[in-house]
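Step one of this worksheet: look at the structure below.
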Amino acid sequence: MDKLLIRGGRPLHGEVAISGAKNAALPALCAALLTPQAVTLRNVPRLRDVATMRALLQRIGVQVQTHGERGGLTLQAADPLDPVAPYELVKTMRASILVLGPLLARCGRARVSLPGGCAIGARPVDQHIRGLQAMGAEIAVEHGYIEARLPPGRSRLRGARITTDMVTVTGTENLLMAATLAEGETVLENAAQEPEVVDLAELLIAMGARIEGHGTRRIHVQGVAALHGAEHHVVADRIEAGTFLCAVAAAGGRARLRHGRADHLDAVIDKLLAAGVEVEAGADGLTVTSPGGAALRAQSFRTTEYPGFPTDMQAQFMALNCVAQGPSAVTETIFENRFMHVQELARLGARIRIDGRTAFVEGGQRLSGAAVMATDLRASASLVIAGLVADGETVVDRIYHLDRGYDQMEVKLRALGADIERLA
Ligand code: EPZ
């Protein structure tokens, strides 16, 4: 099991390239199910989760070819397809649920394993199911599987007005993809506005879908009889960019994050500026300059749906708050159990008290290196950031969590001058 060995205390200088967004690439791969024609994606990040999704799509019958240049994939979902997503694949990646809507729209039926919970919360998919039922699907959940089909005599889903009980990113994406081939108009109320949802909508429009309002809380879709192939460049990963912003903020130094987009990180950048970090938006990237965590002011924040402070940046910014001066309160409103990094940060010397959904961070701590364990994707990133500023050696174990969502993080950090290496 791979580990990362980090010797802290070195500032970061130089330039790294931000990869394509995991949470845009995963739905984009599933969108290829909506047409028998070839869909070409560029800037697809090399991640474990992308490899898992490829394996799932290939099992369903999609041909997937890798291009020579960085991150190019061509997918072709020619008939016949086997619309089944088995437990052994779905249990390793919740985002597998994103094949449900496209398979139902394309094949008229789908058998998708329930994803089950994960470390950060129960993460049910009831909104996905309710929305598809509103579009006419007959759905039963039995033996751990979602069994979905169209009623006898119907060859297509029908458009509907759907209001989800809460904002759900993959729920919006599943229903959006299903609606593109439904009969008539679908209106998604309470839709997610994340840039990854917008990126998916842009791919679907390139495939011939008729979508308006993506990026707002209300999305209108006019269903069409068929979609065609397209080419699409996956949007840069705002969470990877935000993670590197926090890493440079904490370690100190000056770095350029090529392809990073300030307009996708307003809430995080606002907090970094208030902390005393400099962030400049350039033509194709971000430049971040910091005196180091100990010279910064800790910032309180609460996670909310986009465009608010992203839950996927909560653990990383908390690591920064541990070393910045002053107390801070971090409130997690999206997931019920997304503070597992707290105990591990405490092993490095952080002083954090959890009270319900809020973690109270003491700040101004001098962290000291220790052996710690990654528990989920963004917690892993938080521990790496803490290791960069801790005195001495930090070993982060179980970094397969990190590899799910970061494309060679240690290689990029080493390019910025960090003393970090992967131990097999
Ligand atoms: C997406 O997960 C992201 N994953 C997550 O990123 C991200 O943390 C999350 O959105 C929130 O921004 C992908 O896009 C692949 P939700 P998703 O549905 O869609 C509840 C990462 O680190 N809910 O927006 O699963 C749910 O329990 C990952 O890259 C229901 O109750 O999240 C949660 O409390 C982690 N029923 C809230 O809504 C449903 O049917 C938001 O979840 C759906 C969701």
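Any Cβ shown, glycine's included, is placed from N, Cα and C.
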Given TrEMBL lists ARG94, ARG123, PRO124, VAL125, ASP126, GLN127, ILE334 for UDP-N-acetyl-alpha-D-glucosamine, the same-site residue among ASP284, ASP312, ASP355, ASP391: ASP312
Largest CA-to-CA spread of UDP-N-acetyl-alpha-D-glucosamine binders ARG94, ARG123, PRO124, VAL125, ASP126, GLN127, ASP312, ILE334, angstrom: 22
Integer Å distance between the CA atoms belonging to LYS22 (phosphoenolpyruvate binding site) and ARG94 (UDP-N-acetyl-alpha-D-glucosamine binding site): 13
Cβ atoms near CYS118 (active site, proton donor) (within 10 Å, other residues, all chains): 15
Structural state of ILE334 (UDP-N-acetyl-alpha-D-glucosamine binding site), classified by DSSP into three states: coil
